Each structure stands twice: as structure tokens, then as C-alpha cells.
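Just below is one structure, and these are the notes that go with it.
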Amino acid sequence: MTLRIGMIGTGGFSRKHAGHLTAMDGVKVQAICGTKLEKAEKMAVDFEGAAAYSEVKEMLDKERLDAVYICVPPMAHGEIELDLIDRRIPFLVEKPLGVDKGTVERIHERLKQQPLITSVGYHFRYAPSAEVLKTHLGDATIGLISGQWMGDMPEVPWWRKQEGSGGQFMEQTTHIVDLMRYIAGEVTEVYASYANRVNHKKFEGVTVADVGTVNLKLESGAVASLSNVCILPSGVDRVGMTVYTDQTIIDWQPEAVTVTGKEGTAAEALQKKDPYVLESEAFLHAVRTGDASGILSDYKDAYKTHLVTWAALTSAQTGSAVKLS
Ligand SMILES: NC(=O)c1ccc[n+]([C@@H]2O[C@H](COP(=O)([O-])OP(=O)(O)OC[C@H]3O[C@@H](n4cnc5c(N)ncnc54)[C@H](O)[C@@H]3O)[C@@H](O)[C@H]2O)c1
């Protein structure tokens, strides 16, 4: 049976996912919804036979979709997810889940009442490097994790606005927060300092902080420090985390893992698999068979990552540590 997929959003990431879907057997990009019909029609040209819409409800009324990919900016979440839950249509939603707490909480609550197959775009969980990191951790005791997302400011206009993206920690560094939760467990307390150093002087309308550092306490007793900047020149970046255990130092980057032990430092061989493709395959398998065990990040789990990034923003705004129950 061919799965009929609807895409919401016509930007870079909708196109990326749609490209992967088109290359898969038994999957069809059936319909595309943009904020303007022309944008959806333009994208539909590249995905043969896809119908174009400018209203989500209209697309859902007219098409029989097996699943939907939600690839909209962080501030545009809410009604889309609730509509899909009401209509029992499984969805893969890109991170972050939103820019506030209330909207995400509402969707999370509704999913508790009306369970549905969901997947959230925390693709690092599917990366071969994450699997190697997990394997190497084994039964070692994690003492401290030091992570970072250091880069430039993305060009999409919504990103630089606090109410558009939620800021760098919520929008980007959330990937590192999520991977940390995946390998080291839940966060119990967060203390954050953010500042505006460069971007508000260089670019129009920047309201997001451009540097920040967040200290976290974990349920296990481990501690972590995750930092980010978006002030670097394009192409100068550093994304990753270092895990210090009672046995080794493990340096993780999306496509590289090195382990330092008593014998020295060794780079791990990694399989060449695209985590975005693995993420989609796991989701579509769940839609086809009902077996969601391959989905490594669903809404319920990603909700906890969102709470951590929300707590960090709250802490940076109030100057106080925020406890998570
Ligand atoms: N997982 C990853 O590695 C990764 C990488 C890049 C982007 N993303 C995420 O994907 C999402 C989209 O990012 P992008 O780079 O494609 O952004 P983009 O700005 O290129 O595209 C966003 C699209 O959403 C549409 N849109 C805007 N408001 C809308 C609304 N209210 N309702 C419906 N559609 C609306 C826009 O018209 C545009 O087509 C973001 O949440 C981003 O964080 C994830």
C-alpha cells in the first residue's frame, strides 16, 4: 500500500523531508500546504502529482492522508497539531515543539487523551554517532557533560525574533539538550545566563540573545553545562558534546566520535547512514504497521526536552534557577 503524505510548510526543511519521501518505495507526497497557494504550487512542481493548498483544514478535508509532516516555524504550532489529533492523522513534527509552554502543554495533554503515532525531528538520536556514543557509555558513570552549539545566525526572518523562534537554546541547542537526555536521563534543575553581544548591533530586528550558557542538574546526580553562540561568521562552527565518565572521555560530534582512555585517544568508525532518512523510515514503519518501537523521539518524550529549554529561558529572564519536577 502506498502511504499518502501531506506536507505543511514549503521551506527548506519541508523540501528536505519531501525529497527523502519521494525516494522511498511505497510513499507519495500527496499534498503540500503553504501560507500562500503560489508557494505550495511552486513546491508541488518538484513533487509530481502533489496537490497544492493554502489552508491546512482544506487540505485535510479534501485529501485522504495517511500521515503529515509539519515543517513550520516554531511560532506556528498549535492548531495544526490539534486538527491532526482530532482527525486521527499521525504526524512527524519538526523541533522545536513551540516557542511557549502553554501551546505545547495543550497538545501534549490532548495526545494523552487521544493517543496517536507521532515523531519529533530530533534526528541526532538516529545518527550512527549517537548509537556509538551510547554503546561506549555502557555502564560507566557519567560525571559531567559539556556541550555546545556555536555558529552563526540562520537567515530565515523568524529566527531572530524571540516570539518567532524562542531563541537559540530553544530552537537549535535543543538538539544537544535532547541528545543529552537520550544518553544521560532527565534534568531536574536549570540555571541560565543569556546576553546580547553582537547581532542586535549588526542586524535589524534581532531580539534573541546571541550568547548563552546553561548549567543543568540531572536526576542521576550528574551535572552538565551547555552553551551556545550565534555570533560566529558563516562556516565557523562547533557543535557537539563531551562526556566525562569514570572510565573515559567521549567526544561526540554529529559525524565523529573519539574516545580517550588510559590507552590514548581513538576515533570510532561510523556507519554512513543519513539520520533524517532513518527517522522517516521509523515513522513510516509505525504508520504502516502500528509498531512505533523504532520511533526514538515521540511528542511525549520531546515535550520533556521542550520543558528544559523553556526552563532555561525562564531562568535567563528571572536570574533564578528553575526546578523541573
Ligand atoms: N531537524 C533539523 O535538523 C532541522 C533543520 C532545519 C530546520 N528544522 C526545523 O524545521 C522547521 C522549519 O524550518 P525551515 O528551515 O524549513 O523554515 P523556513 O522558513 O524555510 O520554512 C518555513 C515554512 O513554514 C511556512 N509557514 C510559516 N508560518 C506558517 C503558518 N502559520 N502555518 C503554516 N505554514 C507556515 C512558511 O511559509 C515556510 O514555507 C523549524 O522548526 C526548524 O527548526 C529542523
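Cβ from N, Cα, C; glycine included.
Heads up, TrEMBL stuff is auto-annotated, nobody curated it.
Remark: secondary structure over the domain 'Gfo/Idh/MocA-like oxidoreductase N-terminal' (3-122) totals 50 helix, 26 strand, 44 coil, with classes taken from DSSP. Annotation source TrEMBL lists domain 'Gfo/Idh/MocA-like oxidoreductase N-terminal' at 3-122.
Under DSSP, residues within the domain 'GFO/IDH/MocA-like oxidoreductase' (145-238) fall into helix, strand and coil as 27 helix, 31 strand, 36 coil. The domain 'GFO/IDH/MocA-like oxidoreductase' feature in TrEMBL is assigned to 145-238.
Mean pLDDT for the domain 'Gfo/Idh/MocA-like oxidoreductase N-terminal' (3-122) in the predicted structure: 98.
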